[in-house]
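If you check TrEMBL, you get these features:
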TRANSMEM  429-447  transmembrane segment
TRANSMEM  459-481  transmembrane segment
TRANSMEM  487-505  transmembrane segment
TRANSMEM  561-579  transmembrane segment
TRANSMEM  611-629  transmembrane segment
TRANSMEM  660-677  transmembrane segment
TRANSMEM  697-714  transmembrane segment
TRANSMEM  830-849  transmembrane segment
TRANSMEM  856-873  transmembrane segment
TRANSMEM  947-966  transmembrane segment
TRANSMEM  1009-1027  transmembrane segment
TRANSMEM  1047-1065  transmembrane segment
Amino acid sequence: MKGLPVLCLLLWMSAVYLVGIYLFVGGFLLVRLEVNRTSTCSDLLEPAGGSGDFCQGQPRFKRTVILIIDALKIDFARFDPSKTAPRPYENKLPVLEEVVSSRPSQSRLYPFRADPPTTTMQRIKGFTTGSLPTFVDVGNNFASSAILEDNLIHQLGQTGRHVVFMGDDTWESLFPKKFHRSLPFPSFNVKDLHTVDNGILRHLYTTMMGDDWDVLVAHFLGVDHCGHRFGPDHPAMAEKLTQMDGVIRSVIERLQNDTLLVVMGDHGMTDTGDHGGESLKETDAALFLYSPTPVFPDPHSQTDLVPTLALLLGIPIPYSNVGRSSYRYFIKKGPAGAVEGLSQLEALWINAKQVNRFLETYSSMARDIPPQRLSQLKDEFSRLSSAYLSSLREGRSPPPQLASSLQAYLTSVRDTCRSTWARFNPVKMAAGLAILALACLMCLVLSELSQVLIKGSGLGLKAPTALALAVGVVVAAAQLLTQGYVEEIWCLAAGAFSSELLFFWRARRLNTVTVSKNGTKASKFSRWLTPRRLLVAPLLIPLLRCASLLSDSYVIAEGRVVTFLVFSLVLYIPIQLNWNGLLLPPSPDPLKSAGLLPPSALSPSTVRKEGATLLGFVGLLISTLYLSLSFHGCREEQGSCQPSSFLYPLSRMQDNQLKNLHYVLSVISLGIFTHLLRRFLCHYGNLNSSGGTVFTARWILPLLSVCLGLHWAVSATSEDSFRNLAELIRVAQLALPRAAFCLLGLGLSLIWLDPITVFVKTRAAASSRAPALPTPRYRASTGISPQAELHHLIPQIYQHMRRSLDDGELSGAAEEPNRPTVEAYGLGTVYSAPLLLFCGLLGVGLLLLHPEGMAASFLLLLLEMAALLHIHASSSTLCGLHGTYSGGFHVPWTPVVLWSLAATQFFHATGHLPTFPSIQWGAAFVGFPDGHTGTLLPASLVTLNTFASHILFAVGCPLLLFWPLVCEVRGSGGGRACGEEVGDAVMEMRLRENPHQFSSSLLQLSARYLFLHGAQVFSSVCAAAILRRHLMVWKVFAPKLMFEVSGFLMSSIFLLIGVTLVLRVDGAVARWFKNLVPDASR
């Protein structure tokens, strides 16, 4: 078998796809240009343009206490006395209502609107710099890097203010060495509700009583972590909010007269406790302000807090701020008045001049703001500046409408920046679309020309690779000469594009029909690339799905729609077979019964049996489709939808009886999952040898399942249930999943290193076990029953083996006492057995990263896989029995389309959605309850959790090639080479007899699977490009694009792993035969 060409071609196809994706995303999700300049106290922003130091003025407040309660949504802060039975998150912060009611001139409570994405790092960046985050910034939440733009923390330190911080350690990575004193606590362990909050409380009140601080920042995480772990509607949320109520009361009691208290949430949360998107529940946080002196705040955007706080504290506004200060905070009185500082117009003027300065600097560095709009904003500022400064020079009062005009100008600048920073690069997007379109077509061509490619008479990779490298070097050199620097993305794009064009040019030259040795013909390039060949029913369904990705309604309801598509295509198979007269035995032919024509080898009972098998598995598949709907999540747009209770970990459940029921169901599902895998291996004789794969199936798989069940039991135990065993439970929560990870790694390694599951024994050994019964020479099964032995018998693996090993017996000579007679158990499933075990073991490992209730969903996934494989096998067998099989081992489009649709279907059936709030972050802490020191491992665990279905179906994709051979019936024509004896069910050994067909079929299957997933990515890219100005682009289409791209990447990687495992098994089988056949007989 030619394994290296197959792997190289698949790698090349995947690489070209990734270049196109990278190019498009580079034009669609651009990060805004950061202006790394800072404001200083000597900036001439004051109206008179004086020479004094701005920071020497008298600030409104000398001290500020900022309490950030992570995920404090506005609903948590409101108080409704009419509710007699409030929910756990309602009416738990009465201190806010009490203070606002009793001291209205000193306090206000308002919604605090956050700009999406609503992740903590982007929110901190927003309310310290006054800038607007971009969509792609959400990816940085795993690895918070230092903020380089001007910000409040930098300005406070620059003016000599002492900033003391305590709480979320994200601040330490964003502002390294910027604090006078810092007390960070680990933040990413969402299961830990108390460490950060209790750590803050140990130091908060003593710090407030000291005099070594000017600004005190305390970032509490308990409310946010409680939402992630239990959701807002849980008693634990009531406890955390009640704790925060006590904190706010204690802080108010300790405030001095010159101190401003700011209590704020950085974002909200959904009804499931998640955040990251742009729904109102995620963006509407709470803002509470209190001071001993009167304040009159307006409703706030988070960017507006930056200029307001800066001017109140008497420090420069950060350079890149685009927020609007709340001018009503500034009430300047006479020298004897109680309030000092800037007047309202002075505050607005300084803010407007700072924003105008930023606008001028940014427009000189980047050309993305439309020139006409930029000119309008500059003219507007010049008009306002002239009106304000002329009134000051003339000593008259400014026009009464000037304040509102300045506010309108600041709002216009912010809105312009917000729309501009959603900018696109049309050239990169168009180039990415072109490369992706050609990549999809290339996959299609490769799947049809697989025989030519494997035989080496057609296309190769040497020329495209050499051309790609040459073109990339030329483009790099041209960029150096013209621009002075190199953009790597254009070099990659040029190389990929040129290699695609060369491929198509060489493919077009294949106009002669290639006839293979066994008589089959390879299609002409021009014959199959026609609408009649491409617009068949199996391809119409993915085409319809790809077109539907342009609809936001489809994306929102995709989980159920894909389930319906799988259901429809599965029903199409028996309907088509029946339409073609293949599902039932043909009617008796009078000529054959009269002896005028030779009798047919077709057995009516065999046809009826295969037809019944196919219909039975169709029924099983429909049942799994229906039951899988019970595990779906809900998007925020689906108002009346209720998410499945299986999506939440058992620790969230308050009903002990329901918790026990879910646990028992999960353990039973896991047990059935494990049993079915072992049952298959046992049935086909793959558990008799002593190799590493068999050891994995016999011991590691059951032990891994036991670890998983115990881990679920420990994780479901409440922290307060067994106080005496708290330490033991903590150790078990750490040890059990890590032991499972070790077993998983060991099992996968053993399968990879020793994939052979064939057991060979001599005639003497066989006779001693069953002396009365003659045993067959070549067996592919365990010999469960005589019928099963005959059904899976392999009497003629290779003719020269039989002649060399049984020559003496066939000639009637006396037997030598020690002459071996080969009995090979498990040889008929030598390829599928290790691949299926690898896939199943990986499935149990991925289940470890999911909530316990997903065990039933993973069992349904296994059953659906089995049903799809058997439907494909029975369909191929029925076609073979009627003599209508296309020949070779090629897998038709229908099962490949079903396989790819099932991957998407179970993405939704495992509780996932193409939205950022639906990401199951708890997977990062399985086996690591105390958190991580780096970001690679938690990001990998979350990725494996999110794309588990893509991983399993990609690894198991080669099973579509093997299963018709595993289930073949003696006398069927499916996959039989020309000249082969009829009647021998040699199963997967046919692949060894036809290595060229084996390689070409494996390449064709993989190329088709990549094509289907690549087409989905291409459709998502088209939707994002066409609808880039659509209202729902950042809420629906951009997240969908990111998830499709990530799913394609994971599918490509694990498809290559699955194909590589098959090639490794093939090499091991070749060595096994080499060792089996004596040197003299070779």
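Glycine is treated like the rest: Cβ placed from N, Cα and C.
Only sequence-distant pairs (6 or more apart) were considered; of these, fewer than three Cβ pairs between the transmembrane segment (660-677) and the transmembrane segment (487-505) are under 8 A, so the stretches are not in contact. With a threshold of 8 Å between CB atoms, the same-chain residues lying at least 6 positions outside the transmembrane segment (947-966) that come near it are 684, 828-829, 831-832, 835-836, 838-839, 842-843, 846-847, 849-850, 861, 865, 869-870, 872-873, 876-877, 889, 891, 895-896, 899-900, 902-907, 909-910, 974-975, 987-988, 990-991, 1001-1002, 1005-1006, 1009, 1046-1047, 1050-1055, 1057-1059, 1061-1062. With a cut-off of 8 Å on Cβ pairs spaced 6 or more residues apart, the transmembrane segment (1047-1065) and the transmembrane segment (830-849) reach 3 or more such pairs and are scored as touching. Of the two recorded stretches, the transmembrane segment (561-579) lies close to the transmembrane segment (611-629), with three or more CB pairs under 8 Å once pairs fewer than 6 apart in sequence are set aside. Count of Cβ pairs under 8 Å against the transmembrane segment (856-873): among 429-447, 487-505, 611-629, 697-714, 830-849, the largest is for 611-629. With a cut-off of 8 Å on Cβ pairs spaced 6 or more residues apart, the transmembrane segment (697-714) and the transmembrane segment (611-629) reach fewer than 3 such pairs and are scored as not touching. When each of the listed stretches 459-481, 487-505, 611-629, 830-849 is scored by C-beta pairs under 8 angstroms to the transmembrane segment (429-447), 487-505 comes out highest. Non-local neighbours of the transmembrane segment (830-849) in the same chain are 670, 673-674, 677, 680-681, 684, 686, 693, 696-697, 700-701, 704-705, 708, 711, 737, 740-741, 744, 747-748, 751-752, 755-758, 855, 858, 861-862, 920, 923, 926, 941, 944-945, 948, 951-952, 955-956, 958-959, 962-963, 966, 988-989, 991, 1058, 1061-1062, 1065-1066, 1069; each lies 6+ residues outside the stretch with a CB under 8 Å from one of its CB atoms.
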